Amino acid sequence: MFGKLLTKVFGSRNDRTLKGLQKIVISINALEADYEKLTDEALKAKTAEFRERLAAGASLDSIMAEAFATVREASKRVFDMRHFDVQLLGGMVLDSNRIAEMRTGEGKTLTATLPAYLNALTGKGVHVITVNDYLARRDAENNRPLFEFLGLTVGINVAGLGQHEKKAAYNADITYGTNNEFGFDYLRDNMAFSPQERVQRPLHYALIDEVDSILIDEARTPLIISGAAEDSSELYIKINTLIPNLIRQDKEDTEEYVGEGDYSIDEKAKQVHFTERGQEKVENLLIERGMLAEGDSLYSAANISLLHHVNAALRAHTLFERDVDYIVQDNEVIIVDEHTGRTMPGRRWSEGLHQAVEAKEGVHIQNENQTLASITFQNYFRQYEKLAGMTGTADTEAFEFQHIYGLDTVVVPTNRPMVRKDMADLVYLTADEKYQAIIKDIKDCRERGQPVLVGTVSIEQSELLARLMVQEKIPHEVLNAKFHEREAEIVAQAGRTGSVTIATNMAGRGTDIVLGGNWNMEIDELDNPTAEQKAKIKADWQIRHDEVVAAGGLHILGTERHESRRIDNQLRGRAGRQGDAGSSRFYLSMEDSLMRIFASDRVSGMMKKLGMEEGEAIEHPWVSRAIENAQRKVEARNFDIRKQLLEFDDVANDQRQVVYAQRNELMDAESIEDTIQNIQDDVIGAVIDQYIPPQSVEELWDIPGLEQRLHQEFMLKLPIQEWLDKEDDLHEESLRERIITAWGDAYKAKEEMVGAQVLRQFEKAVMLQTLDGLWKEHLAAMDHLRQGIHLRGYAQKNPKQEYKRESFELFQQLLNTLKHDVISVLSKVQVQAQSDVEEMEARRREEDAKIQRDYQHAAAESLVGGGDEHEAVTAQAPMIRDGEKVGRNDPCPCGSGRKYKQCHGKLS
């Protein structure tokens, strides 16, 4: 109550932010008259003027008003479009490391030109990031004339470009592209073998369109570059035949599992577990098929891989449904994004789940892959010096944007007042009653000529509704992942008089539904249209537009509530753009997933008390509140999972930072001779310590063992025992120095034989290849550690602390092994000439050709001991150093308590 009173007196934080920015809008508007008088040449010259001022020490803030006024005037001349004041506000929000919530139809694409131009003036590059190739190309081509008029270059970064094309795209002032491509390019750059192979510049300013989709929905999906692992498709096929023999355990309203059964499903957590009876049954079936030895347990250490396959098969059969979670197309299982309803070709569930689904559907089973490099969008985008985003629905996730990314959300007002009528939900007892009510509402809308957009949560539901409409002879269009090729065409005409469009959550995000249909698209379909043809098309459209407005505008009809309020708001946001008329309503039933799992008891009890009859709906604020509370519960749970996964992921950030930074230093260095010298002192010294313990008596020395080890691993044949027999005064330290010097002399002889330049190149190639191989193995070890770490909780240990401790130990091993292996290889390999280095490079490029890019969804339960099977386990990612460089004798920033040179600085 007091909070509301204070807001009334002082205004909300959002209001105060906008009030502060409004002063700059006034300054921009004051410049408009003067800028209108400028010639084109004078307006274009502003870009060079701004750059000179920045070079002289001016800040971006000091030139913002003039820069925005320049873009607004250029837009008027190039596009005949003037930025509204609210778009200027949006541009300022985006320049200040914030997220701008701008409603559908408010011109986010044009708004983005303001901060993109301003930040491109620094010459460091601007990345404008969208969710798919179509939107990236469309926005780049649409805005190219404006930016080129102002003297800036525009690049497009999409899938399928070659290295030179990508480098050109990144060197442009403003680069449009998809989040996936930017992430993959970062990974590829950190696998490059020469500076020339890198394509990205340092990450400066990212402006993300549909920021909620990328930073929230995609947050847990790691981008993975992988290579093929061993083929186990036969095992998946054999185990797939076991699952149909299993019976699900009954479940009553008491939430207690009762009755006989082999497995139980927890629908809230989206998990499945074997019962004791189920474990015994599976073991017996495996024994019958000769896959498990008589008397052996599926849970013994030797059978962990078999257990992994059985669990994957059970999840595939019980938790993943065709046409809901995936579709089968061209003999492939393709994941359907639960948030957008779009298919995601190329993405695969990890931990064998995708192969298990392929076995279930009887399609070709692709090999499992081994991770070579990976990063999550969370960690990739946190590396940008400046980060901003825009979307129509961010306010419900404002806390997460602030907590995870440090980004405040500002709700930008609409240019015209919102007049859409959002009606209360109607709740029915059964799905059949709900669908009959939906059909009746659609018929009513068609009678008065009102266009309808029907939003569904799955492909299966959209096809069910389509069948009902065919039965009722209602003309309609279906827009789902199976028919996405016609997406732009269907969305363009979804606002025509009396049209009915059924859409999954994708609902053509990024494309506005224009009342009366899209007249621009009609003109585009004509070859060289005349002015008369254009005028006629526009006049016809105006008549249709007025008819639709008179009928009530676009009517949004939701067939089910999504787990996230944000997705529901996105659907509602399709109507009421730019002050248009419109309406929305959700139809629900007690059989809907959200209602059944989270809100059933309270609402169904209320409905029973009211004594509802068949076909009757309940419409009450209490019901809407109960549903919203259910959605809040799910959102909070999903946020906790994302937060927890990120906490685990952050443990590995230091490691990736060290490896990638060291890799780039190695690649950029002309020579790593000093590094090799430091490493060889450490490696040879460590080997000597094993056979001649420091400060020990000679009786404890193992000289024969040391001689043999030095010869086997470093090709160093030294008469150490002979030295000791002949020289009584040869003590431990001088012996150590003599052995290290002997290795140095042998290596010097190798250098004289092949030439210093060839050996320097070879050293770099060996170091990079060894580091990459060990990093790949380290990633696999970290994956295995993550998958089982939650079990430490049963031993009264903190899984996060255990993960931190053990991952640090694994990294220590990586550093020690790297140094040892590099010196061992350099000692053994005989380099004859430059051709040997080139041959090594050729083999490496051949291996590179075999790697593939994956977007793998992994089960969250492996990390947190439970959770949504659709959640993805985050992967390690590097961070950019915020403060000063750490000195070699300073405490290591990882928190181990050791000096930096003895910890994460060991490689330097």
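Positions of Cβ are set from backbone N, Cα and C atoms, glycine also.
Cross-referencing Asp512, Asp524, Asp527 against the ATP binding annotation in Swiss-Prot, which names Gln87, Gly105, Glu106, Gly107, Lys108, Thr109, picks out Asp512.
Per Swiss-Prot, the listed range annotated as region 'Disordered' is 876-908 (candidates: 546-578, 876-908). Most Cβ neighbours within 10 Å, among the binding-site residues Glu106, Asp512: Glu106 holds that distinction in the structure as shown. Following the DSSP three-state reduction, the secondary structure of Thr109 (ATP binding site) is helix.
DSSP assigns Gln87 (ATP binding site) to a helix. Spatially close to Gly105 (ATP binding site) yet at least six residues away along the chain are Asp512, Gly576, Arg577, Gln578, Asp580, judged by Cβ distances under 8 angstroms.
Non-local neighbourhood of Gly107 (ATP binding site): His83, Phe84, Gln87, each in the same chain, at least six residues away, with C-beta under 8 Å from its C-beta.
If you draw a 10 Å sphere around the CB of Gln87 (ATP binding site), it holds 27 other CB atoms from the protein chains shown. Within the same chain, the residues at least 6 positions away from Thr109 (ATP binding site) whose Cβ sits under 8 Å from its Cβ are Asp139, Asn142, Asn143, Asp209, listed in sequence order. Sequence-distant neighbours of Lys108 (ATP binding site) (same chain, 6+ apart, CB under 8 A from its CB) are Gly90, Ala100, Met102, Asp209, Met390, Thr391, Gly392.
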